[in-house]
Structure formats: C-alpha cells, structure tokens
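Report on the following structure.
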Amino acid sequence: MLDVKLLRSQFDEVKEKLSQRNEDITALDQFGELDEKRRETIQAVEELKSRRNKVSQEISQMKRDKKDATDVIEEMQKVAADIKKLDEQLREVDEQLNHLLLTIPNIPHDSAPIGSDEEDNEEVRKWGEVRSFPFENKPHWELATDLDILDFERASKVTGSRFVFYKGLGARLERALINFMMDLHQDEHEYTEILPPYMVNRDSMTGTGQLPKFEEDAFKIREEDYFLIPTAEVPVTNLHRDEIMSMDDLPKTYTAYSACFRSEAGSAGRDTRGLIRQHQFNKVELVRFVKPEESYQQLELLTGHAEKILQLLQLPYRVLNMCTGDLGFTAAKKYDIEVWIPSNETYREISSCSNFESFQARRANIRFKRDTKAKAEYVHTLNGSGLAIGRTVAAILENYQQEDGSIEIPEVLRPYMGGKETIK
RNA sequence: GGAGAAGUACCCAAGUGGCUGAAGGGGCGCCCCUGCUAAGGGUGUAGGUCGCGUGAGCGGCGCGAGGGUUCAAAUCCCUCCUUCUCCGCCA
C-alpha cells in the first residue's frame with residue numbers, strides 16, 4: 001500500500017513511476033476524487049458529532065438540575081439521523097478508497113532497470129562453471145524416474161497433475177536440503193528458525209499483498225476464510241502484523257521452512273514435466289524486518305545468504321536485477337537468482353529476493369519506534385527464498401548426473417544423507 | 001462438538017446509561033534521600049489514529065471486532081473472534 005500523503009502531494013510523479021510497471025493502474029485516476037470526497041464527508045460528520053457531544057453534556061446537566069430537556073432532545077434526534085446518513089456515506093467512500101489503495105502496486109526503486117518484461121532484466125553477476133557433458137545428459141524427471149526416487153504418475157492418480165511423490169533417497173535428499181539450508185541460515189547467518197502454520201486468514205494474505213488482487217492464484221479452504229500459504233513469507237511477515245517493535249529489535253530475521261501451495265492459474269501447459277512447477281513444493285524462506293535507511297544494504301546481505309547455498313552446493317547460477325516491468329506487485333526492487341538447469345540449457349529461477357520497503361509494513365501495520373517517545377514509523381520488510389527445495393533437487397539431479405544415470409551427492413549434503421556419496 | 005467464565009491503555013486492574021480519556025497499582029520520566037547493586041520519599045506523564053490549521057492548537061474515533069438501541073454506551077441488545085476451565089472426541 002502506498003502512502004496516501006505521498007499520493008496527495010506528488011500524484012504525477014508517483015503515477016509516472018508506476019507506469020513503468022507492467023500493470024494496469026488506470027484505477028489510480030480516481031484517487032483524487034475519492035480522497036477529496038472522503039475528507040469532505042469526514043469534516044461534515046465530525047462537525048455534527050462535535051455538536052452532539054456538546055449538547056449531550058448540556059442535556060446531562062439539565063437532567064441533573066431537573067430541568068426539562070424535551071426540546072433539545074427532539075432537535076438532537078434530527079442531528080443523530082444526519083450523522084447516521086453521513087457515516088454511511090463515509091463508510092462507502094472509505095471502502096472504495098481502501099480497495100483502490102490495495103490494488104495499486106509498489107513504486108519501483110530507482111536502481112531497478114526500466115523495462116517492460118524479462119528481456120529487460122539486468123544480469124548482475126554469474127557464479128560457477130557450467131558443466132559440459134561428455135555424454136547425452138537427461139532431464140531430472142527421467143533420471144529420477146529411472147532411479148525410482150520420484151513418482152509423478154502415481155501422484156496424479158492419488159491427487160492430480162503437478163503433484164509428486166518423493167521416494168527413498170529422493171525423499172532423503174529433499175529432507176537433507178531442508179536441514180542443510182535451515183542449519184546454515186540459523187547457525188551462520190543468524191536467522192531465528194520458524195515453523196509456521198500452512199494456512200492463514202484473509203488479513204494475512206492482504207498484509208503481504210497476495211490479496212485482494214491475486215485470489216485466483218491461491219488455494220482457498222472451503223468452509224473457512226483460510227488460504228493455503230503460497231510461501232512462508234505470508235505467515236512469517238504477518239507474525240508482527242499490528243505490532244510496534246523497538247529499535248533494538250531491528251533487524252529482526254527469520255528463516256522458515258514450509259510447504260508452499262500455488263494454483264498456477266494462468267500457467268497451464270508450462271513446465272508440465274518435472275519438479276519445476278508443482279502445486280505443492282517445499283521452500284526455505286528468509287524474512288527480514290529492518291530500519292528504512294538500511295533496507296537496500298540488507299537486500300544485498302539477504303541475497304548473499306541465498307547465494308551462499310548455491311555456492312556450497314557448487315551449482316552455477318546468475319543473479320538478475322529485475323526490471324520495472326517484471327518486479328511483481330509488491331517489490332520495489334528484486335533480485336532473482338537463477339540456477340543452471342542443463343536440460344533447459346538455461347538458468348531457471350530458484351530464489352527471488354525482494355525489498356518491499358514500507359509497502360507490506362503499511363498494509364500489515366508493522367512499525368517500530370526509534371525510542372520510547374518517538375512516533376512509530378513503518379519498518380521495511382524483505383524476503384527471499386533460501387532456497388526453493390524442489391528446484392534445487394532438480395538442479396542437483398541434472399548437474400550432478402553421471403553417465404550411468406546415477407547422481408553424485410554434493411559433498412555438503414553427505415552428512416545429511418547418512419554419508420552416502422551417490423544415488424544409484 | 002457441548003457447558004461455563006473472561007477480553008479495559010506497556011502490564012495488572014476498578015468501573016452496569018450522562019460529571020470516565022477512563023479510579024487504583026505496577027512500569028516509565030524527573031527530583032530528593034540513602035549509598036553499594038537493591039531500597040525509600042516526592043512529583044510528573046500517559047497510547048494510537050483520522051480530519052482541520054503554517055503553527056500553538058482544535059475536533060472526531062477509541063474500553064476484543066462489527067452491528068443495533070438511545071439525545072447520550074466501557075456500561076443495554078445482537079453477531080462474530082480470541083483466551084481460560086470442565087466434559088466429549090482425537091494425532
């Protein structure tokens with residue numbers, strides 16, 4: 001959510017910035033009118049309420065003095081009716097304005113390259129050597145099916161498309177990665193470990209920006225107003241919804257493992273095979289609540305924490321600075337980390353690290369005070385995958401495959417795999 | 001799922017229609033005393049948010065949330081949420 005005062009005072013500049021995005025912002029044009037109508041109504045109704053309060057005092061005094069107040073009460077009945085009418089008008093305008101504000105995306109940061117789609121994303125750096133195979137390499141779903149460590153077919157029988165069973169060392173590998181990442185972030189990167197609920201309520205989904213605009217992307221629980229989380233970002237960021245932190249709390253950092261659920265509405269036919277695009281996948285998430293003046297520096301730090309995982313796993317990757325057209329709804333700046341997937345002969349997203357500035361904090365009302373007397377200010381929130389587990393498995397299977405179809409296990413994972421060196 | 005109780009400011013807590021922005025504590029700020037790690041006395045402040053105003057300031061809202069009754073609601077009515085206790089069920 002954007003700052004209303006900023007919209008009032010610098011509407012044209014804000015609109016200009018927002019138009020660099022790949023989003024429809026025509027609704028924004030109603031802002032001025034709604035904002036003005038709202039303020040007019042507030043003034044009118046508050047004047048009446050002020051009068052009501054004053055006269056109520058007088059009535060109270062008259063009653064105590066045993067004087068007759070019938071005339072005044074009669075007059076106040078009319079005022080009360082007017083108040084009721086104006087309150088109703090105000091509620092309507094408030095609702096409209098609020099809905100509008102909730103559907104306007106974040107303002108891109110100046111360091112985000114201006115562009116219209118993924119073509120315009122900027123490569124910031126590249127790490128690792130892309131392996132050249134002296135034999136014909138296979139996609140991960142073939143390797144995994146041959147090794148009997150993933151079962152897509154039965155998953156579609158038991159549930160449906162875009163689900164998978166992990167089996168044997170496949171399941172072990174998934175679990176090893178979760179533990180490896182969680183341990184590293186907790187022990188080396190100083191995040192507090194969280195295991196969150198996998199369902200959240202509507203307020204939480206609104207707080208982080210999934211709602212109201214992207215309801216069709218989420219799985220909804222039928223008989224409750226709950227949603228399956230699309231990422232641990234939602235429960236973890238909302239941990240501190242409607243709270244005021246103190247200066248010493250910042251930066252507050254969490255790492256959370258969770259399953260993630262996405263309807264993938266609109267991506268029918270894309271990545272239909274393999275682990276890349278599932279309705280349910282595992283992810284380790286990093287979340288940081290920080291002081292506004294530090295947030296860009298903190299974004300670099302967080303991105304580095306995600307990169308560290310790939311470095312230790314010896315998987316080649318690149319980092320992209322996402323252009324204004326590809327930023328998504330909530331981010332002011334976003335780095336995507338992409339890992340090399342040999343079967344695709346390209347890099348694929350494995351982590352997305354964003355600075356939301358005060359956009360989520362304003363929606364979720366997460367603030368801090370510089371000292372006890374100070375006015376509460378909005379924190380800046382950041383998060384990033386560290387990393388998506390399923391895609392990491394895909395990358396390991398493909399990058400570590402041997403000519404005989406076996407998989408070498410990355411060294412850092414062996415302690416988590418009972419000391420095994422290969423999957424065969 | 002059934003029965004009961006409760007939700008008041010940073011915390012505890014009083015308050016059943018008007019004089020309550022809300023007693024009293026604790027805490028916190030300042031001052032004094034004492035002096036050794038903890039204690040005594042005095043005094044002060046009381047959150048947030050919205051609107052108007054250049055500003056001092058003025059005003060609205062606010063006692064879990066949302067509605068309602070009333071000239072007037074922390075106080076009465078309705079719905080919902082959460083917590084606690086008991087019973088049932090259960091990984």
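Note: Cβ is positioned from N, Cα and C throughout, glycine not excepted.
TrEMBL: automatically predicted annotations, no manual curation.
Listed in sequence order, A:Glu233, A:Val236, A:Thr237, A:Glu285, A:Leu286, A:Val287, A:Arg288, A:Leu302, A:Cys353, A:Ser354, A:Phe356 are the same-chain residues six or more apart from A:Asn383 (L-serine binding site) with CB atoms under 8 A from its CB. The feature L-serine binding site is assigned by TrEMBL to A:Thr231, A:Ala232, A:Glu233, A:Arg262, A:Glu285, A:Asn383, A:Ser385.
Residues or ranges marked as ATP binding site by TrEMBL: A:Arg262, A:Ser263, A:Glu264, A:Glu349, A:Ile350, A:Ser351, A:Ser352. Taking Cβ-Cβ distances under 8 Å and a sequence separation of 6 or more, the neighbours of A:Glu349 (ATP binding site) in its chain are A:Asp336, A:Ile337, A:Glu338, A:Arg391.
What TrEMBL records for A:38-103 is coiled coil.
The domain 'Aminoacyl-transfer RNA synthetases class-II family profile' annotation in TrEMBL covers A:172-410.
Using Cα positions, the member of the binding-site residues A:Thr231, A:Ala232, A:Ser385 nearest to A:Glu264 (ATP binding site) is identified as A:Thr231. Neighbour counts were taken as the number of other C-beta atoms within 10 angstroms of each residue's C-beta; across the binding-site residues A:Thr231, A:Ser263, A:Ser351, A:Ser352, A:Ser385, the minimum falls on A:Ser263. Proximity to A:Ile350 (ATP binding site), judged by a C-alpha distance within 10 Å, picks out none of the binding-site residues A:Thr231, A:Ala232, A:Arg262. Across the annotated binding residues for L-serine (A:Thr231, A:Ala232, A:Glu233, A:Arg262, A:Glu285, A:Asn383, A:Ser385), the two most widely spaced Cα atoms sit 18 Å apart.
Each of the binding-site residues A:Glu233, A:Glu264, A:Glu285 was scored by other CB atoms within 10 A of its CB, and the lowest score goes to A:Glu264. When the binding-site residues A:Ala232, A:Arg262, A:Ser385 are screened for a C-alpha within 10 angstroms of the C-alpha of A:Ser351 (ATP binding site), the residues that qualify, in sequence order, are A:Ser385. Farthest C-alpha pair in the ATP-binding residues A:Arg262, A:Ser263, A:Glu264, A:Glu349, A:Ile350, A:Ser351, A:Ser352: 19 Å apart.
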